[in-house]
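Pulled from TrEMBL, these are the features on record:
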DOMAIN    B:19-252  domain 'PABS'
BINDING   B:Gln48, B:Glu123, B:Asp154, B:Gly155, B:Pro179  S-methyl-5'-thioadenosine binding site
BINDING   B:His79, B:Asp103, B:Asp172, B:Ser173, B:Pro174, B:Asp175  spermidine binding site
ACT_SITE  B:Asp172  active site, proton acceptor
Number of protein chains: 2
Amino acid sequence: MQEKSEVNTDIPNSSRKQDYWFTEYGPTNTAISLRVKYKLFEKTTPYQKIEIFESYDHGRVMALDGFIMLTEKDEFIYHEMIAHVPLFTHPEPTYVLVIGGGDGGAVREILKHETIKKVELVEIDEEVVNAAKIYFPQVASHLDDDRVEISFQDGIEFVKGKKGVYDVILIDSPDPIGPAVGLFEESFYKDAFSALNDSGIIVAQAESPFVFPDLIKQINSIFKKYFPIVRFYLANVPTYASGVISFVLGSKKFDPIKDFNPNRVKKIVQSLRYYNDKIHIASFALPNFFENLLK
Amino acid sequence: MQEKSEVNTDIPNSSRKQDYWFTEYGPTNTAISLRVKYKLFEKTTPYQKIEIFESYDHGRVMALDGFIMLTEKDEFIYHEMIAHVPLFTHPEPTYVLVIGGGDGGAVREILKHETIKKVELVEIDEEVVNAAKIYFPQVASHLDDDRVEISFQDGIEFVKGKKGVYDVILIDSPDPIGPAVGLFEESFYKDAFSALNDSGIIVAQAESPFVFPDLIKQINSIFKKYFPIVRFYLANVPTYASGVISFVLGSKKFDPIKDFNPNRVKKIVQSLRYYNDKIHIASFALPNFFENLLK
């Protein structure tokens, strides 16, 4: 925290909103609130309202349209889990596409894999990338890497017509509200399937089974139409509604459990705070009520 | 929900507090809020303030001193995980002690094991049991079972002087604030160790690694002084702070992973909504930051 040297804020110090509670009401009658030291940034773009504030418990926080997207304290969990599970399932990932994820956290994790030659990041909202570079430098740390190519456009349009290109695609989307709605629909996944090569793997964040059970059912039935291997996995993220997030993995060839080689993890495990070889396997163990959603 | 036939409420319908938000601030600057239809019960006992209300998302909720203890919607997670992990580690549990747990949820799960001959429940606050029987009949459903013996006294005093009695002890305590503070101290665990027989197992709820990391370090070092086998495990409970709760298991003989027989689970898995044989193993996989707390 270098609060005193903060010079890039869009909100002058003298008029900053200070010491209040930010509350995410979510789609239900349950809310999570974070006490805020002061607001750092607020901007309504053509796509969404971006807010960034300094919280007491979780460091800096970015919210999109009132939903917490990442906090400095726990962003490592989501980003490690969306990236390393598919990248340690694929034996030699070289070419990766990330849709959404403009904060750069997924890219940072992807580049820990030395086989990677190119990462394309397709983020609809340029302001998310700009704000992340200023306010979350440790998350956006690798967005200027030579292997990274950023496009500011709609990911749904981007994948149309692409054939057999990628080893891994990550759908690092916000909640299925606003610009991200299309990222949860079948036509998009059909195009994404085609954009993967013959041994390709896709992972998408698939919300919480407590908050969006019907969405999980829907995503499962879409994935099963296209991918021979479909598995959901879980991670505990304290600042997401219900404290848990699920991911869906669709794979053309490699199984995330049978084809997983725990020895490869040793190379980078020192740089990780959540993911390890045991967590990789354990994250696919689903509670009975979740298994029942997939029947 | 039988709202119209509800006759035992201590708060007359006409004066019930209605449609408000209950907020648990916890020990930190992060809060969880549940929107409440109406309050059903409120009483300050010599030990704590008990509140029970009907929520929009989580059915009925019990809070002690402002902390959410259980909700109808997700209580199954905590109760299945505190009970079945040790009871499926021990090859033939017959005699179990529960300290705290006056709502009856742990007892309900314990009695699903057909080897059980006796369960002693030691709850300091009789009013918790009374309220649970009235407002949470599906949680307290087995408190009148012939195999169950309830004592209303301090669990710390109860275990003193007991030698080699129990197969399994469960510490189903609230947060380490108020009457439960002593349940997180060494002298209590020393007595509990003695109260177990030579192949005994103890499990205690050990809070969230995000909220109480120092408490987890402390419990780990206490357990390691007494038990040859000490392992922490995790469960995702949406209405607990940070969405996760840890449990610590101390065992004199049986290892919860090496000595676990998944085939035994089949007998009762149909009655379970969270726990299964894969979850048993997976719950012991800890994220790196948690492993580091135990070093």
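A Cβ is built for glycine as well, from the same backbone N, Cα and C atoms used for every other residue.
Candidate binding-site residues: B:Gly155, B:Pro174. Fewest other C-beta atoms within 10 angstroms, B:Pro174. In terms of C-alpha distance, the listed binding-site residues B:His79, B:Asp103, B:Pro174 place B:Pro174 closest to B:Gln48 (S-methyl-5'-thioadenosine binding site).
Look at the Cβ of each of the binding-site residues B:Gln48, B:Asp154 and count the other Cβ atoms within 10 Å; the largest number goes with B:Gln48. The Cβ of B:Asp103 (spermidine binding site) has B:Met62, B:Met69, B:Leu70, B:Glu75, B:Val128, B:Val129, B:Ala132, B:Phe136, B:Val139, B:Ala140 as same-chain neighbours under 8 Å, each 6 or more residues away in sequence. Sequence-distant neighbours of B:Asp172 (spermidine binding site) (same chain, six or more apart, CB under 8 Å from its CB) are B:Ile82, B:Val98, B:Ile99, B:Gly100, B:Gly101, B:Ala106, B:Gln205, listed in sequence order. If you take the C-beta of B:Asp175 (spermidine binding site) and look for same-chain residues 6 or more apart in sequence within under 8 angstroms, you find B:Pro27, B:Phe67, B:Glu207. Same-chain residues at least 6 positions away in sequence with a Cβ under 8 Å from that of B:Glu123 (S-methyl-5'-thioadenosine binding site) are, in sequence order, B:Gly100, B:Gly101, B:Gly102, B:Val129, B:Ile150, B:Ser151, B:Phe152. A separation of roughly 10 Å, to the nearest angstrom, links the Cα atoms of B:Ser173 (spermidine binding site) and B:Gly155 (S-methyl-5'-thioadenosine binding site).
Between the CA atoms of B:Asp154 (S-methyl-5'-thioadenosine binding site) and B:Pro174 (spermidine binding site) there is a gap of 14 Å, rounded to the nearest whole number. In this structure the alpha carbons, written CA, of B:Pro174 (spermidine binding site) and B:Gly155 (S-methyl-5'-thioadenosine binding site) are 13 Å apart. For the spermidine site, whose annotated binding residues are B:His79, B:Asp103, B:Asp172, B:Ser173, B:Pro174, B:Asp175, the maximal Cα to Cα separation is 16 Å. According to DSSP, B:Gln48 (S-methyl-5'-thioadenosine binding site) sits in a coil region rather than a helix or strand.
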